[in-house]
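Quick notes on the structure that follows.
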Amino acid sequence: MSQYSYSQSLKIMLIPYVIIGILWYPLTVMIEQHYDSILISQFLVIQITTAFLFLIGLYYNNTSIYDIYWKVAPMFFVTYWSKGSGNIILPFLVFFYCIKQNYTYFRFWPGLQYEDYRNVEVKKQFPNPFVFWPIIYFGFEIVPSIMIFFGHLPLYYVFTSQNPCYFFYNFSIIFTISAISIELIADYQLFPYRSKQLKGDCDVGLWRYSRHPNYFGECMYWWGQYLCQLSFGFENAWTIVGAGAIQALFSFYSIPDMESHLLKKRKSYQNYQRKVVSSFVPWFRKEN
């Protein structure tokens, strides 16, 4: 149990992010005095602020301090990338996505007594702090920070390109809006179960056709960024590395790990798996 009340936990969680928001632009200016590249400056600012949050988490002995970073940082670096482009819709979608993610997180967040179960399991496996904290920093903080950078990288080339295929561009915008909407609906439907207002397996709405529709919407969002960039041509098609890496993370780590966790947590989940045959893409059920 955390020694901090909810209000104290909220201050401890949010004040570092206020500091990051204040320092983001000065850090950018300082770095660009040495590296005349928007991409390099934002990548380095992301790594500096990630290290700052790691130290705060280390000080309070709580890994959850970093939890909302990947839902906050894009609002800073995508806005910086978009300056002078005249593009409003894409930064708006990024802001909406980030705000939605943070709203969902704080709806159930009980305070600093909470830590992601994956981090807790790592701590049990590697109780030595000289082993545990480097694993958290490099594996659970630096890697996600790099992923959010490369996941949004296609937008940089959208902001610096001209003359898209407007049909494909508009399709990518609709695709991205659909992705955010799917994840929003899935999170709304899951909340009563996640907050323990209802017991058992969430078997309503989108969850009747996919065991992880929130993950499906999440991955769609990242592919939406990439599709948007493709509407300008294939010159920067290599930026698929971002969406591809995130898709691989969900497909080969997040979903299998969550499935294993839920099977240990609830015996009924095995029956739910039999009925809802798809773990990702919404698909037909199998009642019998």
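Including glycine, each Cβ sits where the backbone N, Cα and C put it.
Nobody curates TrEMBL annotations by hand; they come from automatic prediction.
Feature annotations, courtesy of TrEMBL:
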TRANSMEM  12-31  transmembrane segment
TRANSMEM  38-60  transmembrane segment
TRANSMEM  80-99  transmembrane segment
TRANSMEM  130-155  transmembrane segment
TRANSMEM  167-186  transmembrane segment
Beyond a gap of at least 6 residues from its ends, the CB atoms lying under 8 Å from the transmembrane segment (130-155) belong to 39, 42-43, 46-47, 50-51, 53-54, 57-58, 63, 66, 69-70, 73-74, 77-78, 81-82, 90, 94, 118-119, 122-123, 222, 225-226, 228-230, 236, 239, 241-243, 245-246, 249
Tertiary contacts of the transmembrane segment (12-31) (same chain, 6+ residues out, Cβ under 8 Å): 4, 40-42, 44-45, 48-49, 52-53, 56, 60, 64-65, 68-69, 72, 76, 80, 112
Six or more residues beyond either end and a Cβ under 8 Å away: which residues meet both conditions relative to the transmembrane segment (80-99)? 24-25, 28, 38, 42, 71-72, 74, 152, 155-156, 158-160, 173, 176-177, 180, 221, 228
